[in-house]
Amino acid sequence: MSGPSPFAPADLGAGPVRPLILRLAAPAVVGLSVNAAHQTINAVFVGMLGAEALAAVTLTLPVLMLGAALGEGLGAGACAEIARSLGAGNRQRAGTAASISLLACLPVATLLTFAGLFFTEPLLRLFGASDASLPLAVPYVRIMALGMVLTLIQVVCDFVAIGEGNSRFSMGTLIAGFSLNIILDPILIFGLGLGVEGAALATILSQVVVLAAYGSYFLKGWSNLKLALPGAFDLKLLRPVIAIGLPVTLSSFLTAAAFALAYKAAAETAGDAGVAAIGIALRLVILGTLPIVGFALGGQPVLGYAFGNGAQARLREATYFMVVAASLFCMVYGFGVAAFARPLAGIFTDDPEVLVLGASAIVAIHLAFPLTGLRLVLLVLLQATERPKLAAVISVSAQGFLLAPPLLVLPGLFGFAAVPLSVAGGIAVAGAMSMALLWPILFGQPRPATAVPIENSG
């Protein structure tokens, strides 16, 4: 029997825009900040095992990102479709979008598990794993591969809750899961002597707890969406989910590929110390990026609902507020991290070579970080307003065509220093492109309001 939800979804069409975005975004920001903190703390624990262990876990990140990218694509597509459908008053379509996205996780996760079990070693070699780091990295990836179905379903569930305006529940599950993971890390890594494999097991156990919470969320009627059985919905609805989610997946794929290129270039120019150093710098980038991703995701339902409802003035107001808030945060974070680069690197390692390389990489990348918020807000705006092609271009810019060429050429000419400078250049140019696209949206003549033609059948 359904009961009243302690996590009631928000009314996306009512009230002032700014307080609504803050109320929706705050849980997502907190949840993803905990995620970022967990990744950082996990790296600190692994770094206590030595530079080789830190390099090993760093090299696994692109492999795991390739898997998570598919879940993020399905989830982002479902999130946008759910928000637009609710804005058009079609709750049945919103529930179907959630159902079909969750169902799609199963075959995708099966393929990823197979790849993770049988192709791990050649992938890690391709990414620059050394003879010292490879034996530590392989079992970590294989354990994570066994839990891939849990990973994908959790990611999609998070996006579904956010899409219906219930980011508070997403925040609660993320905080619970990552807090448990942080508690389990030292117990399994050091207490039971499992090393890096213990870090992987801690992640799997935490995901089981999170999915149990989502089971209660849907089965007890806390959600406004009704999940449908496979025979009760039209598979054609997967098309708009994929159309919106594909840019997200491509962006994550390219991010993984960019990380892999960066690690390979670092390995070729500075060995395991270089891999560990660039890994520290990029983890700090993630620490600052995920809160903004959470902010953008929290605001995306407002953008999608306004677009679905034809409220152009509300859409512009929401976009302007999100751009200003995200840019201010990125400016403070980027310059702050650059100013304290050496002590921040020292949290992860006491290896002298890694400290020097890591501090220089942190400064170079984070001086460009203030432009990150522009790209992330533009991306969710394009997804919410059904412009997947342009979203695809923006999503693949910083980690794709703006980054790959420099990473392939410059480190061979200028050594390790060219690796973080290439990353910084990609971030800066992508931010400038995003501002050029946002300017007419924010300051041009408003277009007439037109609602999205979604049939109201439920």
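For all residues, glycine too, the Cβ spot is worked out from N, Cα and C.
Heads up, TrEMBL stuff is auto-annotated, nobody curated it.
Residues of the same chain lying 6 or more positions beyond the ends of the transmembrane segment (53-79) and with a Cβ under 8 Å from any Cβ of it are 42-43, 46-47, 97-98, 101, 104-105, 108, 112, 116, 120, 123-124, 127-130, 132-134, 136-137, 140-141, 144-145, 148, 151-156, 158-160, 162-163, 195-196, 199, 240-246, 248-253, 255-257, 259-260, 263, 272-273, 275-276, 278-280, 282, 297, 300-301, 304, 348-349, 354, 383. TrEMBL lists 53-79 (among others) with the feature transmembrane segment.
Sequence-distant contacts of the transmembrane segment (100-120), counting only residues of its own chain at least 6 positions beyond either end whose CB sits under 8 Å from a CB of the stretch, comprise 63, 66-67, 70-71, 74-75, 77-78, 137-138, 141-142, 144-146, 148-149, 151-153, 156-157, 159-160, 227, 230, 233, 235, 237-238, 241. Annotation source TrEMBL lists transmembrane segment at 100-120 (among others).
Look at TrEMBL and you will find 140-162 (among others) tagged as transmembrane segment.
Positions annotated as transmembrane segment by TrEMBL: 174-194 (among others). Counting same-chain residues at least six beyond the ends of the transmembrane segment (174-194), those with a Cβ under 8 angstroms from any Cβ of the stretch are 30-32, 34-35, 37-38, 41-42, 45-46, 48-49, 154, 158, 201-203, 205-207, 209-210, 213.
Same-chain residues lying 6 or more positions outside the transmembrane segment (200-219) and placing a CB less than 8 Å from one of its CB atoms are 7, 139-140, 143-144, 146-147, 150-151, 153-154, 157, 161, 169, 172-174, 176-178, 180-181, 184-185, 187-189, 194, 225, 227. TrEMBL lists 200-219 (among others) with the feature transmembrane segment.
Per TrEMBL, transmembrane segment is recorded for 240-263 (among others).
Marked as transmembrane segment by TrEMBL: 275-297 (among others).
Among the features that TrEMBL reports, transmembrane segment is placed at 318-342 (among others).
TrEMBL lists 354-378 (among others) with the feature transmembrane segment. Within the chain, the transmembrane segment (354-378) has long-range Cβ neighbours (under 8 A, six or more residues past its boundaries) at 51, 54, 270, 273-274, 276-278, 280-282, 284-285, 288-289, 292-293, 296, 299, 319, 322-323, 325-327, 329-331, 333-335, 337-338, 341-342, 344-346, 348, 394, 397-398, 416-417, 419-421, 423-425, 427-428, 430-435, 437-438.
According to TrEMBL, the transmembrane segment annotation covers 390-408 (among others). Same-chain residues lying 6+ beyond the ends of the transmembrane segment (390-408) with a Cβ under 8 Å from its Cβ atoms: 244, 246-248, 250-251, 254-255, 257-258, 261-262, 265, 375, 378-379, 382-383, 418-419, 421-423, 425-427, 429-431, 433-434, 437.
Remote same-chain residues near the transmembrane segment (414-439) are listed as 258, 262, 265-266, 269-270, 274, 277-278, 281-282, 319, 323, 357, 360-362, 364-365, 367-372, 374-375, 377-378, 381, 390, 394, 397-399, 402-403, 406-407 (criterion: CB distance under 8 Å, separation of at least six residues from the stretch ends). Per TrEMBL, transmembrane segment is recorded for 414-439 (among others).
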Same-chain residues near the transmembrane segment (140-162), Cβ under 8 Å, at least 6 residues beyond its ends:
24, 28, 31, 56-57, 60, 63-64, 67-68, 70-72, 74-76, 78-79, 82, 98, 101-102, 105-106, 108-110, 112-113, 115-117, 120, 124, 169-170, 173-174, 177, 196-197, 199-201, 203-204, 207-208, 210-211, 214, 217, 223, 225, 297-298, 300-301
Grab the same-chain neighbours of the transmembrane segment (318-342) for me: Cβ-Cβ under 8 Å, and only residues 6 or more beyond its ends, written as numbers and ranges.
17-18, 21, 284, 288, 291-292, 295-296, 299, 302-303, 306, 355, 358-360, 362-363, 366-374, 376-377, 381, 438, 441-442
